[in-house]
Structure formats: C-alpha cells, structure tokens
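See below for the structure under consideration.
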Amino acid sequence: MALITLRQLLDHAAERLQGYGVPAFNINNMEQGLAILAAARACDAPVIASRGARSYAGDIMLRHIVEALAEMYPQIPICLHQDHGNNEATCLSAIRHGFTSVMMDGSLQADMKTVASYDYNVDITRRVTDAAHWVGASVEGELGVLGSLEKGEAEAEDGSGAEGKLDHSQMLTDPDQAVEFVQATRVDALAIAMGTSHGAYKFSRKPDGEILAMRVIEEIHARLPATHLVMHGSSSVAARLQDLINAHGADMPQTYGVPVEEIERGIRHGVRKVNIDTDCRMALTGQFRKVAMESPKEFDARKFMIPAMKEMEALVRDRFERFGTAGNASKITVIPMDDMAKRYASGALDPAVATAKAA
C-alpha cells in the first residue's frame, strides 16, 4: 500500500462512529520499524512513523527504511512524518525526500530553544502549510510551549526544548487563540500545550488536572470540532518498565507519565495523533539490560535486539488496541498526494470552526 498523508489518516480516524486515535512512534532504526509494523499487522492498525532525532538517522536513511517496511507490509497504510521541524528548509527537505507529513514547530524559534512570538509562529507555519499543500503533504502546527506545569520548564529532547522559566500563559494553549491560529495557518493538525513534556521525567506524582490540563483539549475541541488535535510527550512511563530497567543495573528515579486513561479521554475530545517515544525507548532498554546482566558472556547484538523488539512490539500493540486504532488499516483506501493537493486547492480541506447556537 502506498504511503498515506497524515490528513487522510486522521480524517479517517475522526469519521469513525466513536473516533479513534493514532499513536505516532519515533523510528530511528530498522529494529524499531520492524517492531512497530509487526504490531500493526497483528491488529490491522495504520501507522504513523515519525522522525525525531534527525541527526541520528537523516531523511534519506529513514525514507528508505520506511519504503522497505511499506514493501514488507503492503496491507498497512504508513504515514511518514517529520516531528518538530525548526524552519521551512527542514520541512521542505523532508517533503522532498518522500515524507508525507511535516510538523512546523513555530512555538520556538529556529534554535528550538527560544520561545517565539505568536506572529512568528503564524507566519512561518502558514508559509510551510502553503508549500506543503501545493504537493498534497500534510502539516501539523503547535501553539503553546510544551513543558512541565509543575516546574515551569521544558524538557529538552533531541535538541528541542524551551530554555529558562516559563509561565502558564506560555505553557497552556489558549482556546480562542487556537481558533485564530488554525484559520490563519490552515494546518491539518494542531499540537496542544497542556502540561505534557518530552522525556521520562514528566510528573513527580500521578498527574491530576492541576498539572495535566486535559480541560484545555476539551475547550479547544468545542471550538474546533473538525480540527485534529495532537498530544505530544504522551508516554505513560509505566512502573513495570521502570522496575525492569532498575532491576538490571540502572538507577532511574521514580517518575510518572501520562496515564493511558487520560489519553483515551483526549481521544473522546478530538485528539487523533498521540506522540509516544520514551515508552519505546524504555521497552528496548529494559531488555538490553536484562540480556546483558543475565548473559554476561553474550556478544551477539541480535540476542539483545530480538527480545527488545518483542517487548516494544507488545507495547505498540497495546496502544493500538487502547486507542481504537486496531482494525482500521484494512478500511482505508489511500488517496494519492496529487489528489490531496487538488482537494487543498479547491478549499475542500479548509478548517471549520464551530458556530455558537442561537439562544
């Protein structure tokens, strides 16, 4: 099956009777890709394969990995997505190398450390959207700065993360401004800032509404019911994986992630894409450490990789099933990017805004 755009995939997710979410898993190497696609085939789920660490595996390598996966698993629609693009050149380079979707993160300036103004965000995101839509590619934007409401700080990940102290006005997406932003930029999906952050150390306690503001998602969905919302930094950081890692030589402090139940709540209110990376890293690392400690004479990297891939496959399948993604791959007929470009040009995919009902 051909690669699919993010817009078509998330439209399909929103059009189902109950709606479903699609986890976006970072792919940095072959083993992660094989684990994700094995899980997808087992439960008939479409896939968003996201490139996060650009310096680790560049556009060309990842494109060929995903092309190979698409050939091996022709029954699975795969969206090849670039995460946290820092400027137009990064986004357009990804599209030129075969990515069907890009994220323009204009919440930060090009250094990915300095908080950007709203006008800067609108301007650069709109420019990327205009260019991407000409060729049928999808664009995700971000409004508000990802980070911990507890600490007032962002967690740097793969070179991306605001520096310095932040206040809640910066770290919570304003629902009214979200409407303006979507109308001005015509993004296909909108990443929301509501207390999640990158990395493992998201919360010092089980999150509640004070530090994980799910109400923001609900308020934005009420105003933008047709806009696909995105939760970043949504690994659950399961205690089981923390314990597995620490039982085999690590010293990982206790931490809390985003409960899967809260993600399911978000899906009921318009969240269609859910970014998950730390959970996959932990699944892999736990098994690496287990093999290293239990078989100290082992030197064959494959003996480390195989159980690690199985652990990650189980985690990925669980998310496909919990988010309602399972069972939908075979229901999707991919629309070519040229046809998506025509739909953008016609205005058929312009954003819709909820109108207030008369009293």
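A Cβ is built for glycine as well, from the same backbone N, Cα and C atoms used for every other residue.
Remember, predicted model here, so these are calculated numbers, not experimental data.
Residues His84, His232 are given by Swiss-Prot as Zn(2+) 1 binders; from His64, His198, His248, His269, that same site also lists His198.
Residues Gly233, Ser234, Ser235, Asn275, Ile276, Asp277, Thr278 are given by Swiss-Prot as dihydroxyacetone phosphate binders; from Gly199, Gly209, Gly324, Gly327, that same site also lists Gly199. For Asn275 (dihydroxyacetone phosphate binding site), the nearest of the binding-site residues Ser50, His84, Glu142 in terms of C-alpha separation is Ser50.
Listed binding-site residues: His84, His198, His232. The one with the lowest count of other Cβ atoms within 10 Å of its Cβ is His198. If you take the Cα of Glu142 (Zn(2+) 2 binding site) and the Cα of His84 (Zn(2+) 1 binding site), they are about 9 angstrom apart, rounded to a whole number. Counting neighbouring Cβ atoms within 10 Å of each of the binding-site residues (Asp105, Asp277), the lowest count belongs to Asp277. Cα spacing between Ile276 (dihydroxyacetone phosphate binding site) and His84 (Zn(2+) 1 binding site): 14 Å, rounded to the nearest whole number. Among the recorded positions Ser50, Asp83, His84, Asp105, His198, the ones whose Cα is located within 10 Å of the Cα of Ser235 (dihydroxyacetone phosphate binding site) are His198.
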